[in-house]
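If you check TrEMBL, you get these features:
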type	residues	note
SIGNAL	1-30	signal peptide
REGION	33-56	region 'Disordered'
DOMAIN	144-200	domain 'DUF3772'
TRANSMEM	219-236	transmembrane segment
TRANSMEM	257-277	transmembrane segment
TRANSMEM	418-438	transmembrane segment
TRANSMEM	444-462	transmembrane segment
TRANSMEM	483-507	transmembrane segment
TRANSMEM	535-552	transmembrane segment
TRANSMEM	573-596	transmembrane segment
TRANSMEM	602-631	transmembrane segment
DOMAIN	693-775	domain 'Mechanosensitive ion channel MscS C-terminal'
Amino acid sequence: MSPAAAFRAVRHALALVGLLLALVAGPALAQQPLQPPPEANSAADQQRPDYEEWSRTANRAEEAIQAGRASNMAFEALRAQIADWRQVFLDAQNANKARIDTIKQQIDALGPAPGEGESEPAEIAERRKELNAQLEKLRAPVVAAEEAYARANGLVSEIDRIIRDRQSRELLSRGPSPLNPVHWPGALTQVSGASGAVIREVANGWGNTVQRDAVKSELPKTLVLALVGIVLLLRGRAWAKRIGERAHRQLHRGRGVWEFVISLGQVALPLLGIVVLEEALFSSGLIGLRSSVIVDGLSRWGATLLIGWWLAGRLFPEGDKQAAVNIGEGYRAGIRFNIEALSVLLVVQDVIERVGEAVDFTPETDAVAGFPVIVVSALLLYRLTHGLRQGISEVFGEDTEASETAIEQNYRLRIISVLSRLGILVAYAAPLMAAAGYGAAATALIYPSILTLALFGAVLILQQLVTDLYSLVMKTDDGAGEALLPVIVGFILTLAALPVVALVWGARLTSLLEIWTQFREGFVIGDTRISPTDFLTFALVFAMGYVLTRMMQGALRGSVLPKTKIDQGGQNAIVAGMGYVGIFLAAVIAITAAGIDLSSLAIVAGALSVGIGFGLQNIVSNFVSGIILLIERPISEGDWIEVGGQHGYVKSISVRSTRIETFDRTDVIVPNADLISGTVTNYTRGNTVGRVIVPVGVAYGSDTHKVEEILLEIGKAHPMVALNPPPYVLFRGFGADALNFEIRAILRDVNWVMNVHSEMNHQIAARFAEEGIEIPFAQRDVWLRNPEVLKGD
């Protein structure tokens, strides 16, 4: 794409931004009374579109499309007319919508129509007939609008296809080669002739007595404007730069924000000077038809140079200032020079194109004049992208593997690496294409590549500005770049830049508006049309329902349920059930509010549910099991349970699984289906009363009744043991090494069973020592088969 086309793309991008702002401001403006177009079907008078006028316009468009001889400009104008009609028909499709919905509800209220061979009361049949007649009458304008909309939409698509095909053919067409020496003398003659024509035009103007007198009369104004413009042009950038350096030394908090604001003066002040100089030149009266082409372009050429220099300074600043891209300081100066030089070449290419259009350059002259600019631009583009890759590698040293790992982990470096590789390929391909005669393709390849890199650099600067603003507002410098809000805003900026990138690469503004129009109209699923407005309505209503549900859960958990006699597990089940019901109702209400009719999706949903059911049957099983756990409550949060050999406390019961915290402080995630279908031991279900069993062994020959008496005293003396029922001691039998006894006692709180077990063991050991009762242990005899080997020398 040429610089001129790129500038047009920028203007289109500004128009696109204006359209987005208008869409955002639309709801507010909708509150003001607007005058609808004559063709529109306004709510006040229900006027129908002028279908006769539309038919004439559509017939003319079809004839032009069939002939295919109209220019692109004529097709664009015709397309704009048809797009306006299409919008009229889209608005007309909503005619009588409220009345149509009411009549449909009335018909539904009469019940289903009788089938073949069936009948219904005459009064109902007559009423059904009247309502159907009214419905057909009200639907007639809607059907006509739908048919006209389909025709307009088809015509717009056909015109877009014709223009795209023409652009593709023009882009891929081969022209004269600039390396052919035969074309050089003619190109040199035509270029020098164009320069001479501009000079002669100014000289002729001065030679005209009347025009010279007009120049003299405007001379004071011209001199003042010229003086102001020259001062701003020569000194404005230096003034802004000096203020920026002072701010960098004196400011600490919010330094990046103020430096950005001040740096804009490096573009605004000189650009204002150029605009004033333009006005001075036009006020002189010496500017003619050809020279006006040059003067008209001064402001945008100046803007290109200034923005290029500004981007270079902001992305790769001098000294110790923070760079938007972390590269080695030794490469910054070279990269800045390449960026500034590329901005100069963009201006040179645009000057050649504008002058060529004014004096009607031949294709040979276009190729010869543009080829050196393409070659030098390719060289600078290669130096720029290669320098970026080397600068990034230098930051991570000679370790290539570490450099590649860092690039993979940092999305910004990854994008720069990809763009650098593509830039190197473009730098090789563009000169070869231009040399082979594909000048249009080479121009459409290299200059959009340069502008894409510039746009990416601008996005990086804006992302850094967002980070600095966040740091200033939050009054923190640590971790601002890693905070969530700046990342989200940066992502939004990247998405917002995509339409501009499309315009830079040759996309038509009408094509982007067409995409936006189709996006606003939504998509059709069955008989239901879903638009972004429906999604927004659904999201807002669902969000409100979700927030209301969480508020109700909080009120129940904190205020209502604690005042009841419901146990903690029951309270948790009620709160969780309220959450599920609330979210379900929020979804249903949101779908209804958005006007999404899901009845047409019933068959598709039924078919999908069968296939999904096989793949998600485990998830569905766990979900249903979770609902059963909340309703039946065999376990509750805080219960001590044993499942699958794991002991622990229930910490949470979710839809799919239950989390258990073991005594080792580890989490065990158990699928709900296992809790329903398997065996679960709940030690604290209903109450915390539980039993402790303490086994004890004594030596043979001990007085068993005395042992029983001692153990019983120990059991009754423990404060955690309940006296009703009282503890008791069992003589379990004769073991291999001991007489086996057990203390069995009911504890007030079974959660202390391990502590009680340990304390009783301590007391048993102490009492047995006092009473001389021996706790046996296993004894073994060791036989040595070769004792002579163990004898010493």
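The backbone N, Cα and C atoms fix where each Cβ goes, glycine too.
Within the chain, the transmembrane segment (418-438) has long-range Cβ neighbours (under 8 A, six or more residues past its boundaries) at 172, 174-179, 367, 370-371, 374-375, 377-379, 381-382, 384-386, 388-389, 445-446, 449, 452-453, 456.
Here the domain 'DUF3772' (144-200) returns a mean pLDDT of 84 for the predicted model.
Sequence-distant neighbours of the transmembrane segment (257-277) (same chain, 6+ residues past either end, Cβ-Cβ under 8 Å): 225-226, 228-234, 236-237, 239-241, 243-244, 247-248, 251, 298-299, 302-303, 306-307, 309-310, 313-314, 461, 465, 468-469, 472. Secondary structure by DSSP for the domain 'DUF3772' (144-200): 47 helix, 0 strand, 10 coil.
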